[in-house]
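Heads up, the thing below is written out as structure tokens.
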Amino acid sequence: MYPFVLAADNNGGQMGTRPKQPQIDPKGGNLTGEPFGTGLLGAMDTRYFANISTKTGLPSVAGFQPVPFYEPIKGVDADVDDALTGQIKVLVDGLANTDKTALLSKEPDPKQLIQYYSEIGALVQNMPIGALIFNAIDAVARKFDYTLQIGTDIRLAQAANYPNRGFRLMQQHTALSNAILKTSATANSTRITHGFRGMPQLFSSKAEIPIASMVGRILYPFGVSFLLPIFVITLVKEKEDRILVMMRMSGLKSITYYIAHYIHFYILHVISSIMFVIAGIAFRMPFFTRIEAGVFILLFFLWGHVQIALAFFLSCFFSKSRTALVIVFLLVLCGVIVSLATENIFMDDPAPLGYFVWPAFAFYRALSVMNRSSYDSSYQPYKMSDLKGSDEVFQVMIALVIATFVFLALAFYLTEVMPTEFGVRQPWHFIFSGPYKKLFGKKEDKKNAGDIEGQRRKDRTGSQREIVQGEIPLDPEEVQFEDGDVKQERSRVLHDDFAPDSPLVMKNMRKIYPSNGKLAVKNVTFAVEKDTIFGLLGPNGAGKTSLIHILTGLYEPTQGWARLAGYELDTEIKDVYRNIGVCPQHDILWDDLTVGEHLYFYARLKGVVAADERAAVLASLNAVSLVPFENRLTKGLSGGEKRRLSIAIALVGNPGIVFLDEPTTGLDISVRRLIWDIISHAKQGRTIILTTHSMEEAEILCARIGIMAKGTLRCIGGQIRLKELYGRGFKITFACHPENVDRASAYIASLLPSTAKRLDSFVTSESWEFETSPGLIQRLFEEIEAHKHEHGIDDWGLSQTTLEEVFLRIIQDTDADA
């Protein structure tokens, strides 16, 4: 190709000229190398371009063209651009019209191929290699201001015989520099010779195979990702074992819980990363010895935050730790496998940005790129200065920063909206509706909503009286099964007719679950005084658990108001947490903590000051007789000792109200008796709310009892009062041979009042219930003992109605959901 250049002179003609010369005949011409032209261009060294011809059928030299030569262009830079654009269009059109039959043929004729390339060469020769624009030429002052415009075009780059941009730039710049040297009085004999030379490379005769780095590309991702399943399992296990619930009932804030885990997890990540780096340096692995330390330290720093964000995010989807273990390990494994597969796909080109959406893929990609740079001689090991702009590792780091915040936000959102066993689930749109309501929403009229506390606040400056029942209409269907004592209790509480220091007061408490619309608690109202054990009984599904969860702050009431230990549930929940204790149905303990450590932990959760911690712990240990076991791990305790520890946790910090959920379930009688004694002594100075299915336990411990069914408080009062209302006095039972049952039954019926009722009738026994009258019990003893054998009675007994019988009478078969 001819070194043909467009030239423009913006300096008044000092550029000179160097027009195209006739070609020299190869047979008789003389290649003298004499310069031609005028001015600066004419001072350029003359070279010769061999023009190849195929007219004879074979390639031959047709002549030698003196080069370079310049075609002058007048005008501004835009005119030069237009000229180049026009030349490109002419060339492209010529290439498009060239016959390509020889090139596309499966078995082309060599002569036709030679002819094809000859035609292409002739077309390309008409395309300038660039443009030269002079702005200033001053040989005396040695000032030369010029622009070499050497560009590229994808269509020309694919054309045969057209040199690349670098070669054209080097050739033209060398020719111009030599011309400028000739204008110098002292350096006119100096010449610049251009050429190409390969970059030096280090070669070794040893067979060096980077086994460590090649294996490392597989092991590195596992080495820095094994903590992710551990983080997820830790979070899910605490949900599964209800440890999180227990801590929340003891006053733990969600933000405190997650910050503590964030710090804990990151410390583990730092320790793991340090050990990983030390091991890599100790074994002289190129990844750690050749790459600048700041690069992989920064990458590990970001990966730690991403792992924790992913752990919070993934833990939202699991309720069983075993399931979480399997699935998260599979996620890590699949991530590594996909990373290894895509490493070959993106070997020479960077991975697309969409590949970095899943943080693990982004991190593994960075490890792969950095690892390759540490052992492949065609790459330079990474330095901090490389992390900029379009660098792939830098883009990965940006993606990890974004992913940290994105997955933390998703974890927060899913924690609020996904169904859980405890707590209040937000609607999916709460992130929009919540701020909207705060900014533009109108406050609801709490009187219309039935919120008693809202009405009380309107009268806060007065005598703190509550609105009586008549001012807040109650749904008759919700209270139709309440007995007279429950209605009287509601009137008493709404009129503030209770002790001012009553630790527990609730008014018109209701709970509707928004997920299914179930009304779990229906306008429950009662107050419990100090030094009292109040038994809350009911079948499964009666609403007692929902009511307890409301009072302990796990659920938000749909309507109603409550005061616990002098603090209002809706506005002073932090103070409520510090003044209540909770003993769950199942022991929620850490096997690797001692008895004392458990008590110190919950004492701090409840806000016990450091100076009083020891006294609070000792008081709880003494209350449950666990002082000798203070330094024993809980995994070494018996079932009864663990139950006593759970009660001690509920008592630590001297709370005003203690909730005990079936405290003796599954224990033998001796341990149950011991715990009953502990509970009886613990009521001094506080109120205890006891839920149990053991009527014997309720009879022994509870001074007052409330029985719930289908969300309604059916009855409330002391044991004697309940037995008077629902027990009908006494029960008589007899046993005899089967053939004597009818005769014995008729005899017993003749002795009892006409209102007596037969409760049970079996093959060999019957039981009757009756109301007593003065002297009736004595007469029954005398009569039956004197004549029982005459009527076939072998054995008999007389007892007062038990609480269990009262319970069964109140809770009809249709009320028991279990």
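Backbone N, Cα and C define each Cβ position, glycine as well.
As recorded in TrEMBL, the features of this protein are as follows:
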- 8-31: region 'Disordered' (REGION)
- 218-236: transmembrane segment (TRANSMEM)
- 257-283: transmembrane segment (TRANSMEM)
- 295-317: transmembrane segment (TRANSMEM)
- 324-341: transmembrane segment (TRANSMEM)
- 353-372: transmembrane segment (TRANSMEM)
- 393-414: transmembrane segment (TRANSMEM)
- 504-735: domain 'ABC transporter' (DOMAIN)
- Message: If I count Cβ-Cβ pairs under 8 A between the transmembrane segment (353-372) and each of 218-236, 295-317, 324-341, 393-414, which range comes out on top?
- Response: 393-414
- Message: Return the average pLDDT for the domain 'ABC transporter' (504-735) as a whole number.
- Response: 89
- Recorded stretch, among 218-236, 257-283, 295-317, 324-341, maximising Cβ pairs under 8 Å relative to the transmembrane segment (393-414): 295-317
- Message: With Cβ-Cβ distances below 8 Å as the criterion, list the same-chain residues six or more beyond the ends of the transmembrane segment (295-317) that contact it, or say none.
- Response: 224-225, 227-228, 231-232, 235-236, 239, 258, 261-262, 265-266, 269-270, 273, 276-277, 287-288, 324, 328, 331, 359-360, 363, 366-367, 370, 382-384, 386-387, 393, 396-397, 400-401, 403-408, 410-411, 414-415, 418
- Contacting positions for the transmembrane segment (324-341) when only residues 6+ beyond its ends and CB under 8 Å are counted: 217-218, 221-222, 225-226, 228-229, 232-233, 236, 314-315, 318, 358, 360-361, 364-365, 368
- Query: Counting each residue once, how many in the region 'Disordered' (8-31) are helix, strand and coil under DSSP?
  - Reply: 0 helix, 3 strand, 21 coil
- Which bits of the chain, at least 6 residues beyond where the region 'Disordered' (8-31) starts or stops, bring a Cβ under 8 A of a Cβ in it? 37-44, 48, 51, 61-66, 68-75, 77, 79-80, 131-137
